[in-house]
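These come from TrEMBL:
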TRANSMEM  12-41  transmembrane segment
TRANSMEM  47-66  transmembrane segment
TRANSMEM  78-101  transmembrane segment
TRANSMEM  107-123  transmembrane segment
TRANSMEM  135-158  transmembrane segment
TRANSMEM  200-217  transmembrane segment
Amino acid sequence: MQANLIGFAEILVIAIITGVVASLFGVGGGVISIPSMIFLLGVDPSVAVGTNSVIIIASTLSSAWFHLRQGTLRKEGIYLGIGGVIGTVIGNYLFLIASQMKVMDKVLGILFIIISALVVTKTKGTRTEPPEKTALILSGVLLGTFAGLAGMSGGVLINPILMLVFDMDVKIAIGTSVAALPMTAIASALPKIAWGYVDWELALAFLPGIIIGTKIGSKLMKEMDRAKLKKLFALLMLLMGVKMLI
């Protein structure tokens with residue numbers, strides 16, 4: 001629908017910019033792509049969330065494969081994923097309610113403000129082993145609820161929590177979460193597909209642009225101050241959150 005109206009080329013350019021920004025800030029593309037769809041392309045917030053939930057399946061699988069090849073994927077993340085799948089049932093139910101009540105933009109606004117607070121929270125864990133299975137499963141429920149509700153991978157939420165609550169080293173936290181994210185991404189997307197909240201043409205136009213933009217952003221990031229980027233990203237999330245609420 002939207003892809004036909006605006007044109008593949010224009011969407012591709014916006015997607016590339018989205019990928020660059022997401023990579024520069026070191027976050028999942030959904031945190032940037034959903035607002036881009038809403039503010040730049042005029043996509044309905046619920047459709048933007050549903051469409052992004054399909055896009056992140058590819059990105060989370062790619063990330064998991066990369067960490068597997070690097071030997072940094074933690075098998076304990078499966079327990080986080082099990083909890084995540086359970087949590088998506090709750091998250092998708094909340095998504096459906098918010099969509100039917102036409103308040104998805106308000107929900108996203110609140111979530112973006114929460115994300116902005118988490119980003120600036122100083123997290124530097126020391127534990128080199130993930131917590132026990134029960135703790136991971138319960139944490140996964142929170143991850144899945146967020147993923148199901150917001151249509152994002154949830155890494156931007158769960159990684160700071162793993163470091164804050166369980167004192168996990170950042171590399172261990174990421175290695176654990178990337179094993180879970182593909183599971184939650186698929187479980188989050190399937191109901192949204194069934195309910196008709198996915199614009200397939202938009203998803204297919206967006207995906208290659210995000211991939212290209214991510215590669216460009218990863219090269220640019222090496223030349224920039226990560227601390228300043230982190231603060232800038234938090235401010236961006238705060239402003240977008242406030243804009244969606246008013």
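A Cβ is built for glycine as well, from the same backbone N, Cα and C atoms used for every other residue.
Model, not experiment: these values are computed from the prediction.
Counting C-beta pairs under 8 angstroms (sequence separation of 6 or more), the transmembrane segment (78-101) fails to reach the transmembrane segment (200-217), with fewer than 3 such pairs. Counting C-beta pairs under 8 angstroms (sequence separation of 6 or more), the transmembrane segment (200-217) fails to reach the transmembrane segment (107-123), with fewer than 3 such pairs.
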